[in-house]
Amino acid sequence: MKTLLLTLVVVTIVCLDLGYTLTCLNCPEMFCGKFQTCRDGEKICFKKLQQRRPFSLRYIRGCAATCPGTKPRDMVECCSTDRCNR
């Protein structure tokens, strides 16, 4: 009986989806050191560079469910591994 119980526990642990959470940089600066753990469904890290006016750039980094869209003069890079949006 103990063997059966132990076997069931081992099978449950092996089959259990422990859930992987992605970690992405999340800050508006060019050089960033703040990280966030992405929520369920967010499997993409992104880095967006917006050109507001000549010589004025804005950086946006974070997690997303899909790669964000762009406007003219924007640049977006998307990736799917931890801290890949440097």
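Any Cβ shown, glycine's included, is placed from N, Cα and C.
The signal peptide feature in Swiss-Prot is assigned to 1-21.
Summarising the annotation, Swiss-Prot assigns disulfide bond to Cys24-Cys45 (among others) and lists similarity to another entry as the type of evidence. According to its DSSP assignment, Cys24 (disulfide bond) is in a strand.
Positions annotated as disulfide bond by Swiss-Prot, on the basis of similarity to another entry: Cys27-Cys32 (among others). Non-local contacts of Cys27 (disulfide bond) by the CB criterion (under 8 A, 6+ apart in sequence, same chain) comprise Gly33, Lys34, Tyr59, Arg61.
The Cβ of Cys63 (disulfide bond) has 21 neighbouring Cβ atoms from other residues within 10 Å, across all protein chains displayed. What Swiss-Prot records for Cys38-Cys63 (among others) is disulfide bond.
The disulfide bond annotation in Swiss-Prot covers Cys67-Cys78 (among others). Under the three-state DSSP scheme, Cys78 (disulfide bond) falls in the strand class. Using a 10 Å radius centred on the Cβ of Cys78 (disulfide bond) and all shown protein chains, the other Cβ atoms total 15.
The disulfide bond feature in Swiss-Prot is assigned to Cys79-Cys84 (among others). Using a 10 Å Cβ-Cβ cutoff, Cys79 (disulfide bond) registers 16 neighbours.
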What is the interatomic distance between the Cα atoms of Cys24 (disulfide bond) and Cys84 (disulfide bond), given in whole Å? 7
Taking the Cα atoms as reference points, how far is Cys78 (disulfide bond) from Cys84 (disulfide bond) in Å? 8
